[in-house]
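The structure appears right after this line, and notes come after that.
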Amino acid sequence: MNVKSTGCITTYDSLFFQSSPIISTLDHVKGLIEAYKTSFTTEKNIIISAKLLIERISQLEDISIKRECFCRLLKLEIEEIQNLIVKEIVPLFDFKTFYYDIQHNQAQELIQLEKIVSEIIESKLSLDELNFLVPICSLYRDILEHLWLLPYLEFGNHCSHLLIQNKDSILSNMKKQWIESLYQLASKKKINRLIPKNLEKSILRIFEPLPKSIVKDMDIQKSVINKSRGIPLTLLTIMANVYSNQGDLRRAIFHEEAFLKLLTEKPQEMSSSKEVLIIIMQRHGNLAGWKQILGKHQSAINHGTQALQIAKVLQDPYKTFTYLMNIGSLNFKERKGQLALSFYKKAQNIAQTLNDRKNEGRALVSLAEAYRFINNNEEAIRCYQVALNLTEEKSDLSSIYHKIGCAQAEMQRYQQAKEAYHKALDLLTQGDFISAIQIHANLARLFNNFGRYETAIFHAEIAFELTQHPLAQINELEALESRFSALTVLGNIYATIGNYEKEFDYQIRALRIAEKLESLEVVEKLVFFSDSLEMAYMNLGNAYCHRENYFEAKNYYFKALRITKNASMQGLIIINLGHILFFSDMLPEAISYYKKANEIDNKEIKQHSLNGLGIAYQAVGNIKQAIQSYKNFIFLSQASEDRRSEAIGYHNLGEVYRKFDHRLAEVNYRKSINVYATLHQELKSYSQWQITFFELQAMPLLRLESLLLEQGRTKEALQIADFRRSRALISSLTEKFQFQKNDNLLSSGLTSQEMQALAYKMNTCFILYSLSFENMDNVTVWVVPPQGEITCQQLPLRILTEEVEEATHFLKTFPFIVESTIAKRRPFVRPKKNRSSLTHAFLDELIRENPDESATSAFLQSFKKRLSLWYEALIAPLESYLPKDLQQVVTIIPDGFLAQIPFAAFLDKEGTYLIEKHPISIAPSIGILKLLDEIPKDFSENSLIIGNPTTPHLKDTLPLAEKEAQTIVAPLLATTSERILLQDSATVQHVVERMRDARWIHLACHGLTGTKPEEKLDPHSVFEGLFKLAPDESHSKGYLHAQEIASLTLRTELVFMSACFSGRGKLHREGSVGPVWSFLAAGVLSTAATYWELQDSELTLQMVDTFYRHLLGIEVEKLNKAQALQKAMVRGIEQKRDKPHLWGAFFLSGLHE
């Protein structure tokens, strides 16, 4: 605070320091404070007067008056004066003044001082005056300490009664006035985070009774005080222990150091006696432990060294052993591995001399930890093995085996690590959830690193589940460490399989826990040092890298690099920074980083740095170095059984060879494909994870396909083009059903001859499309007839090129393809100006909100023009190869976004729709059709009909859907009444239960694309699509998700989804993953679904009626499913030829026979 001059020429001291018996020193203090507050004189005069007054107060003999005067003077917000006051006031509350408080009954005065200083703290905080706040808080704690101890040491109950009377006032002042402000300052890191916590404890401690054992010790000290007329040193140790037990280590250290200082001031002969030396040794040991917890490792080492020296003087081998171990541990926590080794070795020698097997085992385990830290895992494992022979307790044996597993894993010895971890689990004592979590998490890491993904997931899920157990929550530190470990390993597994959204989610949660761990100040921190924060930073950097946010990734990598002292972690970060430089086209700098990482003596770091060097050398045209780097990378990956890295290495090597040696390129692509296929099968029980993993796995397949096409090997390219689709779908079916030998479907796919044989058996013509990720100007297409020549063509996309590049966005501009709730909120963004005027006009027409309203003549013409363009690009060049038999089914195998466009509604130049020419079926892949064809046809005769379920929203009612189900489909399928689920009876549970034994399933209900996070079972799910049914206990919204359907096993011939968007799905390299994918994965042979919104209209009912009558041969010709659907759609064309959006949504998928 700056005091303004008032222009007064009379000095302050001339007014107040005249010799007067009337004005006391305390009155002088109050007068000076008043002058300061009212700016009665200049700051210079205030300082002069304050200094004179401080000198005068210091000469007083009455400690009580001195305390009050100095406390009040602290209201002067002048740092120079406050510094002088603190120097004078601190000794007035030291250990020696306790006796004064007892002797002079100072309880009332201390309560008055508490109030004065509390008000000063409040004033400082309200004015945001933070200078000198910490020393004043420290003084406040001194006052509180005297108030806390006085009731236990006084002769009588005066202080106790006063505290009871003033309890509410003291607590309310603290809570209302300033404690929250201190916590806010701590959260903003303006003051140490422990200041508010310890102040609050100091206040509450006054009103909380001490343990009976401590009270008993206090009573003894009270007797000593009464006899000796002074305060015994033992009181200091009691206070230190109380503070230690309550977690206030700074105060414990203060009193322990005070004790040592006073003890060493005693005569030499007394301070060197054996009894005193033992006490001094113990105090140094305590101080070493407490300072270690607070992270003051060097000071802790100093105290530990002094304790060790005394132990040696006393010739106490057990204490010597203990302090050697402690100093070793302190050096280990300081990351001084070699120094720690020397202390542990000495400790081991002592234990051997004493024939103390248990302590020798302890020393050997610590030695092993130090060896691991300096990357000497061989020696670490040797120490662990010797320790095993000296250990008897099962829990200790389990811990050692766990550590052996970690060391073996660090050496990339998969089998040995696995065996050690499983021995650790076998020996684990019941109820030790924390150790179980750690072992399962490490097993998950191990299996993830070595490509055993199903087993990795199994252990990761166990670890995460165990963290939720109540017994794993008892110790806050252990609970947080366990949750961090489980979240981290789950995040890393998701990263491995390519689910980067989930990886990011888990790593963000792990970072929050790491930050909480970092803020903890608890005794348990004594036993370990945590690298959780730097690990969280590094993992989050990886997650940002996977999301291609390199700026944020770099920030987190540097955060980790600044605090980590772990060489392995430093190496990984350097490699990742190299990747960022590579993607930023800073190739020389990237190479420099990769080389720096390669110099680190760690196999894993060397391995991954070599891959980085390979891609960087390849980019700068140093082909020879690139090839050598990749070969070394593959060699190390094989040596460590890191199969995912091996697959990446073969793919990268194939990319290099492609420029000059197609044979070697093909060899390496195929090796990569084979390794990936093995890894893909590791996830066979997890379709979601197979789908995300395949995003990376698809790369060598796509590259091999394009290489074969370049060489004119079209039939081999066809085999790859079909094999790279529906990998998870094929895996799901092979898990659920027993097939004859179909190993080629899992490893290499159907040959062109096998495809043609299947076409002949099914009496169909396959048309398979393949979109290249390298060239969007063309689409490759194969026509596989039942007999004759297989044809391959490159079809130019021309005007559709941009549509392919922005397929997902483009499709969403159709009013009937977008859900109405989305369309109403979707702002229209005009396309880039390089689009054709036709495309501009077309998109302008597509932004209507209601399909009926948007079905104007202009809109329909532009939509039909689009259908004509699709026909011209994708069908017209193939017309001569299409079946001459108009009853023969054309089975289309689309690729990418082509899975979401209506082939049946494609329009030729004569105005004829494709569906009028041929029955059409859509299939995810030819391989899937072969599997579906082999599923046993042992159907029941039951059918299941769902119509107009009662959803939580009244507006969802579909009266015509109910009519469709009850009066059209149910009679045609001869469905029994208990299997017709309408309105309230159509709950999710009832529907799923009855699906299991239904040959025919018909759903006439609402469908949603399920693209919003709240519409998914999991916000990051690879599935999209759901049906709105009636809610039940486990499905409050009434949603039946595609994800749930995929897990079922059904014996069903056909599922007809008379619902909006039922044929949509999330696009992956796997294909379109939605309800159709899910029903096929469940074992359903055929599905009828919709691309877009389905009108609840009489036309829909007529089309459904026509389909079922032809399928079943009721009063009309019996046809196969594709032909029956053709008849239904032709009936729609006959009534609404110019409105294809009203009838063109349906398509058949799966088997048509």
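Cβ coordinates are placed from backbone N, Cα and C, and glycine is handled just like the others.
Heads up, TrEMBL stuff is auto-annotated, nobody curated it.
Annotated features in TrEMBL:
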| type | residues | note |
| --- | --- | --- |
| REPEAT | 361-394 | repeat 'TPR' |
| REPEAT | 398-431 | repeat 'TPR' |
| REPEAT | 534-567 | repeat 'TPR' |
| DOMAIN | 870-1150 | domain 'CHAT' |
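Long-range Cβ contacts of the repeat 'TPR' (361-394) within its own chain (Cβ-Cβ under 8 Å, at least 6 residues beyond either end) map to 321, 325, 328-329, 332, 335, 337-338, 340-341, 344-345, 347-348, 351, 400-401, 403-404, 406-408, 410-411, 427-429, 567-568, 601-602.
Residue counts of the repeat 'TPR' (398-431) by helix, strand and coil are 27 helix, 0 strand, 7 coil (DSSP-based).
Per DSSP, the secondary structure of the repeat 'TPR' (534-567) breaks down as 28 helix, 0 strand, 6 coil. For the repeat 'TPR' (361-394), the number of residues in each DSSP class (helix H, G, I; strand E, B; coil) is 27 helix, 0 strand, 7 coil.
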